[in-house]
């Protein structure tokens with residue numbers, strides 16, 4: 001069990017060594033989601049991993065049939081996603097993660113996470129999958145990878161009614177130094193810290 005909200009016995013350096021120079025993907029005209037998608041395209045093109053964004057479910061309300069052989073959707077709306085944003089395979093491991101962004105400087109609102117998403121993450125972790133969240137603080141230009149186990153335990157403390165302090169994220173997560181190719185090199189952290197390092201040994205405990 002982790003001490004909450006931000007008590008740890010020692011300071012741990014959890015910064016990705018990708019680059020000592022911070023690169024802001026926003027300066028390249030990219031949103032956080034676009035940067036993740038761009039990174040996934042890079043991984044796919046270079047035969048590193050196959051990771052895709054899950055389609056948002058759509059509820060069709062009304063359909064017109066201007067011709068017998070054609071159907072035209074005239075009214076529909078997006079439904080709330082039931083799981084997480086991304087999934088795929090990396091080095092024979094199932095990868096599943098959610099991505100969240102905030103303009104706040106000191107915390108990540110837990111209202112951004114829904115109970116069914118937390119439950120999905122629990123199931124992925126239980127089955128041995130690699131599950132995490134990518135958290136981007138746009139004002140600070142900082143991005144972190146937080147293992148799902150820490151998110152789940154924090155969520156269970158107050159059932160998502162509060163915010164997760166940035167101090168907590170910095171202590172239990174891993175900062176991602178932005179790159180150029182890929183824009184968000186999150187898989188290096190996954191490989192180093194979740195597939196072979198000390199963090200992975202306790203990942204599913």
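From the backbone N, Cα and C atoms, a Cβ is placed for every residue, glycine too.
Model, not experiment: these values are computed from the prediction.
In the three-state DSSP reading, residue 85 (Mg(2+) binding site) counts as coil. Feature annotation from Swiss-Prot assigns Mg(2+) binding site to 83, 85, 98, 117.
The site 'Transition state stabilizer' annotation in Swiss-Prot covers 100. Sequence-distant neighbours of residue 100 (site 'Transition state stabilizer') (same chain, 6+ residues apart, CB-CB distance under 8 A): 108, 112, 113, 133, 134, 135, 136. Annotation note: residue 100 (site 'Transition state stabilizer') sits in a strand segment as assigned by DSSP.
Taking a C-beta cut-off of under 8 Å and a sequence gap of six or more, residue 98 (Mg(2+) binding site) has these contacts in its own chain: 84, 85, 86, 113, 117, 121, 133, 134. Between the binding-site residues 83, 117, the minimum number of other C-beta atoms within 10 Å of a residue's C-beta occurs at 83.
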